[in-house]
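Taken from TrEMBL, the feature GTP binding site covers ASN51, LYS52, ILE53, ASP54.
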Amino acid sequence: VRMSWKDYFYNVDGVVFIVDTADDQRFDEVRDSWAAVRSLEREAPILVLMNKIDLLGETSSSIANNLQLMDDLEAALGIGRSTEGQKIDVAYVSIVGESTYNKDSKLCKAFEWLSE
């Protein structure tokens, strides 16, 4: 699928990039994929969902107090917030545990950001 990404990046309004934070065996692959996404899309906003934080012992609320973990994950994955004008947001979630009925959930807020 990743090989055909360039065929789908024509005139996109936004990108959702999902990372399995609990699978450090694939961090190299994530780093390469992130570089590919950044090279293919330079204008549309990108929402990075750092998923499965529950497996790291965190919740969407508690991780805000663990800046070191967030910095370490972003550094290990090569995901930076430096955008050179492009909007990028990184949200730490556990998609299965997030309520889509609660508009104040981190997941809903993340997609709200993307739709702005």
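Cβ coordinates are placed from backbone N, Cα and C, and glycine is handled just like the others.
Automatic prediction, not curation, is the source of TrEMBL annotations.
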Listed in sequence order, residues not in ASN51, LYS52, ILE53, ASP54 with Cβ within 8 Å of the centre of the GTP site Cβ atoms: ASP20, THR21, ALA22, MET50, LEU55, LEU56, GLU58, TYR92, VAL93, SER94, ILE95, GLY97
Cβ packing number for LYS52 (GTP binding site), 10 Å threshold: 20
List of residues, in chain order, with Cβ under 8 A from that of ASP54 (GTP binding site) and at least 6 apart: SER94, VAL96, GLY97
Assigned conformation of ILE53 (GTP binding site) - DSSP reduced to three states: helix
Local Cβ density at ASN51 (GTP binding site) - other Cβ atoms counted within 10 Å: 21
Surrounding CB atoms that lie within 10 Å of the CB of ILE53 (GTP binding site), all protein chains: 25
